[in-house]
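**Q** Sharing a structure here in structure tokens format.
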Amino acid sequence: MGLWDIDKIEYVGHAKGVEEGLAFHYYDKDRVVAGKPMKDWLRFAVAWWHTFNQGLVDPFGDPTAQRPYYKYTDPMDQALAKVDYAFELFQKLGVEFFCFHDRDLAPEGDTLRETNANLDKVVDKIEQNMHDTGVKLLWNTSSLFTNKRFEAGAGTSPFADIYAYSGAQLKHSLEIGKRLGAENYVFWGGREGYESLWNTEMKREQDHIAALFQMCVDYAHEIGMDAQFLIEPKPKEPTLHQYDYDAATTINFLRTYGLDKDFKLNLEGNHANLAMHTYQHEIRVAREAGFLGSLDANQGDKLIGWDMDEFPSDLYETTAVMWEVLAAGGIGPHGGLNFDAKPRRTSFTPEDLFRTHVVGMDSFAAGLLVAAKMHEDKYIENLQEQRYSSFDSGIGKSVEEGKASLASLEDYAIDKPQAELIAACKSDHLESVKATINNYLVEALAQA
Ligand code: XUL
Ligand code: CO
């Protein structure tokens, strides 16, 4: 049976009699939907930090996770053993990508030189496993927030030694990305922000981190690393206010510093909620501005204000996400769905790691099926076209063609009676739209 006491997860359709949670009912990887196999729309990835390292702690409690490799007590032995467990899990789930932070893989030494040497041993083993299995690296990243030296940030730290260390750490991380053929490279600035404006020079900090990003772009060109660079927005947690607050703020930052040609965004469901947005909102903003890069697949909870990193199970949300993805023709140039998610603290067995991925994969596969049916019928496209149709001719058309002025708008509107203006507004029957979306969910899944 291998290292994990579990069989390969198979697609069973609507078959009964399989153990619930350990088979796919919707994710049929080679099934063609909207012109592409499901696996190519979804490009699932396992997140090393949650799946292999997360002990299932919360701010009030000890870890509860039970993992087979805890029998290796030496940190380096355990780090190397995890590689075997990881690649077997990828294959048993049928996931073709993974993601990691440099510090997820190996323990730190006293100097960066020692730390890099530990890391390289594990990367050697990962490279061999990638070669043997065909599993690919969706993205890697650098943890510039875990170690206490980053207490006040990395690229925005007020301490030049920490800034220099961060650049040095990034350099090696980019080299690893190139070596492993990373499709993307992510920057998440969990400590790039402020706790108080009274001691913070906000613009100076942003100038510093923009310069660091530019150095990364330059170094990637120098070594021929062609991964798509991505920034992952999050408004807060752990830092009170993070500079990459949401998609719109981050796009503004990239344009301000001339980095917009080299970066796109990696958007996460729970981060969107912390910014008081929906996941769909963040994806729409990025998609329409040309910045959709990749997605961290997780969900939050209405009842709690933290980053819960729950595995996705909300079909309404996965449908909305996949509707946007289909509208974009794909997640991004090299994007995928990375499960930046962890089991609840009460789901602590090794088997729960499989169950959580299965629900996440099946929920996105179901969302894809529903959204594809909506696109096939052009349901939303027609609805939106109708809603804005007054801009297709007359005064509306003159606005869209850039031919309108305040004077021409005045000419048009000055003598219009109130009754005519009210008659120009049409009810959108929004509740019926929502009911129709519900019908799509029920019917598309029943037919799947
Ligand atoms: C934290 C988060 C990170 C990034 C990578 O909320 O999402 O795990 O995805 O650093
Ligand atoms: Co994330």
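From the backbone N, Cα and C atoms, a Cβ is placed for every residue, glycine too.
These came from TrEMBL, pasted as-is:
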ACT_SITE  His101  active site
ACT_SITE  Asp104  active site
BINDING   Glu232, Glu268, Asp296, Asp340  Mg(2+) 1 binding site
BINDING   Glu268, His271, Asp307, Asp309  Mg(2+) 2 binding site
**Q** Could you check which of the recorded positions Asp104, Glu232, Asp307 have their CB within less than 6 A of ligand 1?
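**A** With ligand 1 as the reference and 6 Å as the Cβ limit, the list reads Glu232, Asp307.
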**Q** Can you tell me the three-state DSSP label for Asp309 (Mg(2+) 2 binding site)?
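**A** Going by the DSSP assignment, Asp309 (Mg(2+) 2 binding site) belongs to neither helix nor strand, so it counts as coil.
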**Q** Can you tell me which of these recorded positions sit near ligand 2, meaning the Cβ is under 6 Å from at least one of its atoms: Asp104, Glu268, Asp296, Asp307?
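**A** Near the molecule: Glu268, Asp296.
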**Q** Relative to the mean position of the Cβ atoms of Glu232, Glu268, Asp296, Asp340, the recorded Mg(2+) 1 site, which additional same-chain residues have Cβ within 8 Å?
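**A** Neighbours within 8 Å of the Cβ centroid, excluding Glu232, Glu268, Asp296, Asp340: Trp188, Lys234, Asn266, Leu267, Gly269, Asn270, His271, Leu295, Ala297, Asn298, Asn338.
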**Q** Give the helix, strand or coil assignment DSSP yields for Glu268 (Mg(2+) 1 binding site).
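**A** DSSP assigns Glu268 (Mg(2+) 1 binding site) to strand.
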**Q** What is the set of residues, excluding Glu268, His271, Asp307, Asp309, whose C-beta falls within 8 angstroms of the centroid of the C-beta atoms at the Mg(2+) 2 site?
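**A** Here the non-site neighbours turn out to be Lys234, Gly269, Asn270, Leu274, Asp296, Asn298, Gly300, Met308, Asp340.
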**Q** Of the binding-site residues listed here (Glu232, Glu268, His271, Asp309, Asp340), which is spatially closest to Asp104 (active site) when Cα positions are compared?
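**A** Minimum Cα distance from Asp104 (active site) across Glu232, Glu268, His271, Asp309, Asp340 lands on Asp340.
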**Q** List the Cα distance (Å, whole number) between Asp309 (Mg(2+) 2 binding site) and Asp340 (Mg(2+) 1 binding site).
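**A** Cα of Asp309 (Mg(2+) 2 binding site) to Cα of Asp340 (Mg(2+) 1 binding site) measures 6 Å after rounding.
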**Q** Within a 10 Å radius of its Cβ, which of these binding-site residues (Glu232, Asp296, Asp307) has the fewest neighbouring Cβ atoms?
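**A** Output over binding-site residues Glu232, Asp296, Asp307: least Cβ neighbours within 10 Å is Asp307.
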**Q** Please report the distance from the Cα of Asp307 (Mg(2+) 2 binding site) to the Cα of Asp340 (Mg(2+) 1 binding site), rounded to the nearest angstrom.
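**A** With distance taken Cα to Cα, Asp340 (Mg(2+) 1 binding site) is 11 Å from Asp307 (Mg(2+) 2 binding site).
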**Q** Tell me which of the recorded positions His101, His271 sits in the most Cβ-dense spot, judged by other Cβ atoms within 10 Å.
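**A** Buried the deepest by this measure is His271.
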**Q** Highest Cβ count within 10 Å among the binding-site residues Glu268, Asp309, Asp340: which residue is it?
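**A** Answer returned by the neighbour count: Glu268.
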